[in-house]
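Okay, so here's the structure we're looking at.
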Amino acid sequence: MALIPSQILRVAILLSYFSILCNYKAIDMPAHQTYGGSWKFLTFIDLVIQAVFFGVCVLTDLSSLLTKGSACMEQERQLRKLIGLRDWMMAVLAFPVGAFVVTMFWTLYVYDRDLVYPRLLDNFIPQWLNHGMHTTVLPFIIIEMRTTYHRYPSRTCGLFVVCMFAVGYVVWMCWVHSMTGVWVYPLLEHIGPMARTLFFICLTALISVYYVLGEILNNYIWDSSKSTLESDKTKTD
């Protein structure tokens, strides 16, 4: 039996994302006042995705609780839709985008932090908030994957959606650059057009890899759990 019910964990995680988003939006940074505002940063987009995802998780838990023991077919149908939306968001957005943001940020940060997180930002963003945006996202999503089974769509469909998200963000970055003359991330200022195009292709491929890893991890966790339960049942019998 879990020490903390998964429903309580989801509420706590959702509240933590609300706190992170509110504190981040309250920061008076120059970048927030320029074209695109916070929405030009993948980190902020990911935080919104995670908050919406865990909001759907909490709503699903509430709906499940309210419909428990109910014979209303319409309520059951609505609950199945919520579960389907929750699983879809986990598969194509929450895990791949969250894993991508965390690993890419810290990889570039260790290599040369000024390429992705200039030292000037330390004057605006406290360390706890930085970790809330770039570190805890991955543990939170793995906790959710470990506590609840999520049904993945077909791999073709899932990869298509993930790639469309990546391409959409690349197009958005290029649009912001065309409007302002400045790239969202300093790294893009230091490489040429061909290298930049190759970089975008590699990032799209990488986020697709994270989608597949998420599917594999989800199946591994729940296949292992099923095998353990069956083994315990056999021993009991």
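Glycine is no exception: its Cβ is also placed from the backbone N, Cα and C atoms.
The shown structure was predicted, so the numbers you read here are calculated from the model rather than taken from an experiment.
Record features (TrEMBL):
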type     : residues : note
TRANSMEM : 7-27     : transmembrane segment
TRANSMEM : 47-67    : transmembrane segment
TRANSMEM : 88-108   : transmembrane segment
TRANSMEM : 128-145  : transmembrane segment
TRANSMEM : 157-178  : transmembrane segment
TRANSMEM : 198-217  : transmembrane segment
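Residues 6-7, 10-11, 13-14, 17-18, 20-21, 24, 75-76, 78-79, 82-83, 85-86, 89-90, 93-94, 97-98, 133, 137, 140-141, 144, 148 of the same chain lie 6 or more positions beyond the ends of the transmembrane segment (47-67) yet place their CB under 8 Å from a CB of it.
Counting Cβ pairs under 8 Å to the transmembrane segment (7-27), the stretch among 88-108, 128-145, 157-178, 198-217 with the most such contacts is 128-145. Most Cβ pairs under 8 Å to the transmembrane segment (198-217), among the stretches 88-108, 128-145, 157-178, belong to 88-108. Packing against the transmembrane segment (157-178) from elsewhere in the chain are residues 35-36, 40, 42, 45, 91-93, 96-97, 184, 188, 200, 203-204, 207-208, 211-212, 215: each is 6 or more residues past its ends and has a CB under 8 Å from a CB in it.
With a cut-off of 8 Å between Cβ atoms, the residues of this chain six or more beyond the transmembrane segment (128-145) that come close are 6, 9-10, 13, 16, 19-20, 23-24, 43, 46-47, 50, 54, 57, 90, 94-95, 98-99, 101-103, 105-106, 117, 214, 217-218, 221.
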